[in-house]
Amino acid sequence: MSEVLNDSIDQVEELKGESFFTKVKDFVFNLRRLFGIIIFLLTWEISSRVGIIDKNFLPPFSVVMQTFFSMLASGELETNIAVSLKRSLAGFGLGLGIAIPLGLIIGSFNKIEFYIDPLLQLFRQTSTLALLPVFMLFFGIGETSKVAIVFWGVWSAILLNTINGVRSVEPILIKSAKSMGASQLTIFRKVILPSALPSIITGIRLSATSAILVLIAAEMMGASSGLGYLLYDTQIKYQIPKMYASIVTMSLIGIIVNYIIVAFESRVTKWR
């Protein structure tokens, strides 16, 4: 009995050791992935410090980060981030609410897709930023035009990926469900939607990045707040460290948003 107990304890200790080793291995792996970024930031810092690049045009990274934290402490960044996120989420949410249901419907009916696909491809190839003056003409320079341009920038990618996801469902899965007496609603919920989900999330990832980029451009042209406005305002006032701090902020937001969506994707598609 004591030998069995000792063996069990030894196995537990081995598992703990393996778990610790795995964590260390993962940490080293992630650190190696950051190697390129570290080299880039060091090159930025050194080249600006020694005068390879004029620091009036590109301040050292350390100066940019000092400015970043100063703007964060003063509330200047927080206020503009909140405004931009509010606009992005409104347009992005509207795009999700319309594009996903519409994509599920179009993808389920071949005849609808046959007639509407050329129009969707035309919309897809039309630059969102090229339509910015049109949105400002119809909706003015207020909040509505900002939300509308974000919506237009995200809906097509979500819609087309949703349609492709529905169309890529294996016919054998649908036939098997029908042979077992499943209703159309059950087939949709249990077969079509789960199979299309990875493609839908891919569209969401692509659109999330577009939502931020399009909004920044819109805020630079007609806004009195937001990250795009802050970037444009600091540029024309020649507040270069603040300008780069704004750019760093946008990059960080993009990384965080992408990480959230990837985490969500891995969570809802564990069955794959």
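Even glycines carry a Cβ here, placed using N, Cα and C.
Lifted from TrEMBL, the feature list:
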TRANSMEM  27-44  transmembrane segment
DOMAIN    81-265  domain 'ABC transmembrane type-1'
TRANSMEM  89-110  transmembrane segment
TRANSMEM  212-232  transmembrane segment
TRANSMEM  244-264  transmembrane segment
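Residues 58-59, 64-65, 67-68, 71, 77, 81, 85, 201, 204-205, 208-209, 212, 216, 227, 230-231, 234 of the same chain lie 6+ residues outside the transmembrane segment (244-264) yet bring a C-beta within less than 8 angstroms of a C-beta in it. Long-range contacts of the transmembrane segment (89-110) within the same chain, counting only residues at least 6 positions beyond its ends with a Cβ under 8 Å from a Cβ of the stretch, are 116, 146-151, 153-156, 158-167, 188, 192-193, 196, 200, 203-204, 207-208, 211, 215.
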